[in-house]
Amino acid sequence: MSSIKIECVLRENCHCGESPVWGEASNSLLFVDIPAKKVCRWNALSKQVQRVTLDAPVSSVALRQAGGYVATVGTKFCALNWEDESAVVLAAVDKDKKNNRFNDGKVDPAGRYFAGTMAEETAPAVLERHQGSLYALFADHHVEKYFDQVDISNGLDWSLDHKIFYYIDSLSYSVDAFDYDLQTGKISNRRSIYKMEKEEHIPDGMCIDTEGKLWVACYNGGRVIRLDPETGKRLQTVKLPVDKTTSCCFGGKDYSEMYVTCARDGLDPQGLLQQPEAGGIFKITGLGVKGLPPYPYAG
């Protein structure tokens, strides 16, 4: 077992950092700060950060095949032009639910942008329940709705053979799997593959490694856990020096580094003193596993 090293590479003080995505072309980590309405890009070589502020909470960001990025902003799927800091609306959802916003999102292996919604929180993880839905933005900009009655739509990824879709609705305290049809994007046969332990708290963002194992960030649990989706067993726990770990992705030149986002909102003054790096970006090396490059949106 290689020795694991955890370092805070950027003290960004995110209110709620989320959606880390490695951009290979720019050697950068993209991420968002949801309540600050910001998309950020941290260059791993220069250590510089560029920030784009949008007009609504921005909850996820993804690469785009045609260049630039796509993001979920409020209840809209948007194309993001980094150079002029502009966002163009591609589609909108939940028009009848004024209190909703998007949460986590990710692009599937066929280039569809999956993202789910939730009600705005009155405090971290406190909200009107069952208000969210899971959607996907297809390459032709049409949107499909998969299901509703979601509390906090969160982590998502696909198995290495593209036959299983993994999904987290945070307040179910479960990691779920669906059968997945790559050609159509259809999902079916939902089942739970892992129930969170009490000390792991709330399942949040998620990614997959090249061995087909899942990594889940545990909000309020201060850790990422590695799961075997076939056996339902937890294989590994990596604890971080912050409680509110929100999401994770692999990056770096060979995708052997893990990047973890976290939040400072919800910490009291004592918590902030004890966790000065809360809201920062963490890099974990020495895990001994690698991840996959993120898929770009095809539209």
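Here the Cβ of each residue, glycine as well, is placed from N, Cα and C on the backbone.
With R101, N103 listed by Swiss-Prot as binding substrate, the candidate from E85, E121 annotated for that site turns out to be E121.
Record note: Swiss-Prot gives E18, D204 as divalent metal cation-binding, and the candidate from N81, N99, N100, N154 in that site is N154.
Considering other CB atoms within 10 Å as the measure, the emptiest surroundings among the binding-site residues N103, N154 are those of N103.
Of all Cβ atoms in the shown protein chains, 10 besides its own fall within 10 Å of the Cβ of K253 (N6-succinyllysine). In this structure, D204 (active site, proton donor/acceptor) is part of a beta strand by DSSP.
Long-range Cβ neighbours of K244 (N6-succinyllysine) (same chain, at least 6 residues apart, Cβ-Cβ under 8 Å): C16, P124, Y219, N220, G222, C262, A263, R264, D265, G266, L267, A278.
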